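In TrEMBL this protein carries:
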- B:28-47: transmembrane segment (TRANSMEM)
- B:59-201: domain 'EXPERA' (DOMAIN)
- B:59-77: transmembrane segment (TRANSMEM)
- B:116-139: transmembrane segment (TRANSMEM)
- B:151-170: transmembrane segment (TRANSMEM)
- B:182-201: transmembrane segment (TRANSMEM)
Number of protein chains: 2
Amino acid sequence: MGGHGHPYSPAELQLPGFVPQRLSQAQIVAPFAGTAVLAVLGAWLVSGRCGGGGRLSRTDRLLMGWWLFTALTHLVFEPPFLFTPDFFSKENPNYFDDLFKEYSKGDSRYAARDTAIVALEAITVGLKGPASLLAVYAIASRKPYGHILQFAVSLGQLYGCLFYFVTAYLDGFSFWASPFYFWAYFVGNNSLWVVIPTLVATRSWKKISAAFQADKVKTR
Amino acid sequence: MGGHGHPYSPAELQLPGFVPQRLSQAQIVAPFAGTAVLAVLGAWLVSGRCGGGGRLSRTDRLLMGWWLFTALTHLVFEPPFLFTPDFFSKENPNYFDDLFKEYSKGDSRYAARDTAIVALEAITVGLKGPASLLAVYAIASRKPYGHILQFAVSLGQLYGCLFYFVTAYLDGFSFWASPFYFWAYFVGNNSLWVVIPTLVATRSWKKISAAFQADKVKTR
């Protein structure tokens, strides 16, 4: 820990009453990674048994896992940050307080409660979370709005990530405690929400364009 | 003008070397409003003459006008802000410098070069501008990706507006020189990019869902 009572960068960041983290990195990462594995596995097993009117494709079953995991991230792991402005100074920190203390090593704007971060998290928790859950249902029930919904949420996630990186760049690009945290948390963790939404959005774009292409051919 | 050498709120805002605005409100608003009228009128007239394979619907012709106007806003009126960080202190201000001096009366974060604003404008100019222009072409050429493209850009505009309002709220909601500027610029001007994208996105959502609904019925 630096001379400023916290382990974050920049060192000038003021966090009065900072309570050091109790959980180790492994204790923080394990429940999050476990949620990811359980969500994908659970969705895979359940979706293999349901499916009125023909089986769901493997891609759709994997996508249900992704949407379940991203919904749990937006609706379980992120809201505590939003509703606990004093998470870094709470005397009896819970798992989520320590989660955001750990993540702040990769982006101290979380501990600093930067406006752009709070706005992003509010929109993510309020809109993308429920919409991700709806996507699980839409795929399972083969709703006609399934593709446009998945496209909309993916685009929102991509827009959010772009905003996240651009604001970090404009504000000096110096919010990580070390290169390890830069690559592991700021780049690594967030790249999940860049790579997968890009794949999902591209797939939905193609399926939607194909539906109109087919429509055009048929009506000629 | 206040005692701080500028007419903006909050008065504590520091704008060293501020050069007072030369153009009147009418001189600033007229070219912008004129662009809107010319874009919609021009697109209407041209689209009435083109259209291989059947006429374009009235809605599509009006939408071409909207996309042309919004493209011109993103690609002509907004880039000067992005590339002129010193617009408020330039000795020989041009139209665009004065445009953003006037708009800053409704949101002084423009003059202050707030990170969230610069990030939003960068994304708008770099992505939404070219994509809006592509939407004009996609409608005219009846491309199969027309609806998903219009949906994508509209959703980006809505996401941007939401972010714009949420960051203003989080930062104290006090960036307008008077209630007039709050309602006319901060609310009024931006509501155009809330109301129209909502209508466009809803329409595209319905058309896309209907295409998959029809597909489902046919393949049964």
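Placement of Cβ uses the backbone N, Cα and C atoms for every residue, glycine included.
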Please work out which recorded stretch in B:28-47, B:59-77, B:116-139, B:151-170 has the most C-beta pairs separated by under 8 angstroms from the transmembrane segment (B:182-201)?
B:151-170
Below 8 Å between Cβ atoms, which of the listed ranges B:28-47, B:59-77, B:116-139 makes the most pairs with the transmembrane segment (B:151-170)?
B:116-139
Quickly jot the same-chain residues contacting the transmembrane segment (B:28-47) by Cβ under 8 Å, restricted to those at least six beyond its ends, or write none.
56, 60-62, 64-69, 72-73, 76-77, 95, 98-99, 102, 136, 140
